[in-house]
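K.L.:
Dumping what TrEMBL says about this protein:
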type	residues	note
DOMAIN	2-53	domain 'Myosin N-terminal SH3-like'
DOMAIN	57-238	domain 'Myosin motor'
BINDING	Gly151, Glu152, Ser153, Gly154, Ala155, Gly156, Lys157, Thr158	ATP binding site
Amino acid sequence: MEDGKPVWAPHPVDGFQLGTIVDIGADSLTIEPLRQKGKTFLAPINQVFPAEDDGDKIVEDNCSLMYLNEATLLNNIRVRYSKDKIYTFVANILIAVNPYNDIPKLYSPETIKQYQGKSLGTLPPHVYAIADKAFRDMRVLKMSQSIIVSGESGAGKTENTKFVLRYLTTSYGTGQDIDERIVEANPLLEAFGNAKTVRNNNSSRFGKFVEIHFNEKVLHFLCKYKMKENNDKIKKRT
Ligand SMILES: Nc1ncnc2c1ncn2[C@@H]1O[C@H](COP(=O)(O)OP(=O)(O)OP(=O)(O)O)[C@@H](O)[C@H]1O
């Protein structure tokens, strides 16, 4: 980091703010915020990160950023989110930000068709791209594949898991009743194990482990779930 270069410095409310270095001390930097010229402040060196030269640059994969750090990663996701691009890749990991509203055509049957058989990275980041890669890898490698969905309460894990199920059954299902039954099993499971919390009106109060079995003719579905609160193990087969 040098004098005059754009950097991300700590901000009390926004997390980070863009600024330039005006002086370099032993363990702190003097920063001039971009939005408040002439009003400098001190920031510890280890909390200041290099920024992209082009502040408006957004990328579909965070690995394409010139500087990959906490601040550039957050900024890329934030700017994408403001344009209704809720998904961002970090190589073959997908980051999803909950939009809390329906984004038109994001999960439409046409979008499902677009992602079928496409390699990761050829189309914009999407949970369908991850689902398709898992399915294709299973066929090519002849090995079971796992998709781990993780995040805080209300992040969108349940919804995205349902999109994965819908994608797999629509794209690679049998075209028979079983496909619909797999998707329709969710409201039933949610009726048993979901509850309204302060963070989520439809919060799963159990961890979910969903197995989908494919063979040439039949699609099987196995869902095991474990109660979050009392650790009672319940297995359900549908
Ligand atoms: N991709 C999305 N598009 C639109 N709305 C969404 C999306 N993802 C989540 N939501 C909204 O956010 C709510 C919370 O999401 P969800 O139940 O999936 O969170 P969760 O991570 O499973 O939370 P918990 O751990 O509490 O069960 C959903 O009920 C839905 O209204």
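Keep in mind that glycine also has a Cβ here, set from the backbone N, Cα and C atoms.
Given the structure is predicted, the values throughout are model-derived calculations rather than measurements.
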K.L.:
Can you list the residues of the same chain, besides Gly151, Glu152, Ser153, Gly154, Ala155, Gly156, Lys157, Thr158, whose Cβ falls within 8 Å of the ATP site's Cβ centroid?
P.N.:
Asn98, Asn200
K.L.:
Validating a neighbour-count step here. Other CB atoms within 10 A of the CB of Lys157 (ATP binding site): how many?
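P.N.:
There are 19 such Cβ atoms around Lys157 (ATP binding site).
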K.L.:
Which is it, of Ser153, Thr158: the one of these binding-site residues whose Cβ has the most other Cβ atoms within 10 Å?
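P.N.:
In terms of Cβ crowding, the pick is Thr158.
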K.L.:
Using other CB atoms within 10 angstroms as the count, which residue among the binding-site residues Gly151, Gly154, Gly156 scores least?
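P.N.:
Candidates: the binding-site residues Gly151, Gly154, Gly156. Fewest Cβ atoms within 10 Å: Gly151.
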K.L.:
Which residues in the same chain, at least 6 apart in sequence, have a Cβ under 8 Å from the Cβ of Ala155 (ATP binding site)?
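P.N.:
Correct list: Ala96, Asn98.
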K.L.:
Give the three-state DSSP assignment (helix, strand or coil) for Gly156 (ATP binding site).
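P.N.:
Going by the DSSP assignment, Gly156 (ATP binding site) belongs to neither helix nor strand, so it counts as coil.
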K.L.:
Out of Glu152, Ser153, Gly154, which binding-site residues have CB atoms lying under 6 Å from ligand 1?
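P.N.:
The ones that qualify, in sequence order, are Ser153, Gly154.
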K.L.:
Which number gives the other C-beta atoms within 10 angstroms of the C-beta of Glu152 (ATP binding site), all protein chains shown included?
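P.N.:
Neighbour count, Cβ to Cβ under the 10 Å cut-off: 10.
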